[in-house]
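Before any comments, here is the structure.
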Amino acid sequence: FFQDFPHPDEAQRLMISRNVGIAPRQVKFWFQNRRTQVKHLQGRTENETLREENEWLRNQNTTMMDTLRTLMCPLCGPVVATDEQHRLYHENAMLKHERTQLATIIAMSMEEANQELRLGLFIPPPPAGLFVPPPPPADLLIPPPPADSPGTSASGGRVINVSPISEHAPTSSRSSSETRK
């Protein structure tokens, strides 16, 4: 009867209680407990099925991982890292490091050359066969005046104001006190 009617109504529970000889309320609880047991058994069997499927998938995964680890080329044989390959990996890493260092040095020297050009400190090499004395030390160089200071031209060069000597100084080497005497 349970398989056909897992949820009996009031009339069906009364009929069952008369046939079995128990109270209708006990029939109600018996059906409720039986439904819970069936649900629990279904969950257990489903859980067991899923557990078996999970185990099968794990075995398949392990088999595939082992196959990947032992890959073998039909012509070359198994893939094995040799001492030569380890040496080459190490050498490759060292060369990459060297290349990075050289690129850094080149970038720094190019930046210094650009800075010298901006400051006007760059002196081009002399033509072949021509002797040019070395430049003076940096502490003897006179820095150019600011562009907006008096005595400079718009192009940034130094302007020297040349005026007749008579306007600024006496023509004689004697002082004015000597001329009065």
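Glycine is treated like the rest: Cβ placed from N, Cα and C.
Here TrEMBL flags 3-42 as DNA-binding region. What TrEMBL records for 134-148 is compositional bias 'Pro residues'. Summarising the annotation, TrEMBL assigns compositional bias 'Polar residues' to 169-181. The feature domain 'Homeobox' is assigned by TrEMBL to 1-41. The region 'Disordered' annotation in TrEMBL covers 134-181.
Residue counts for the DNA-binding region (3-42) under DSSP, split into helix (H, G, I), strand (E, B) and coil, are 30 helix, 0 strand, 10 coil. In this model, the DNA-binding region (3-42) carries an average pLDDT of 81.
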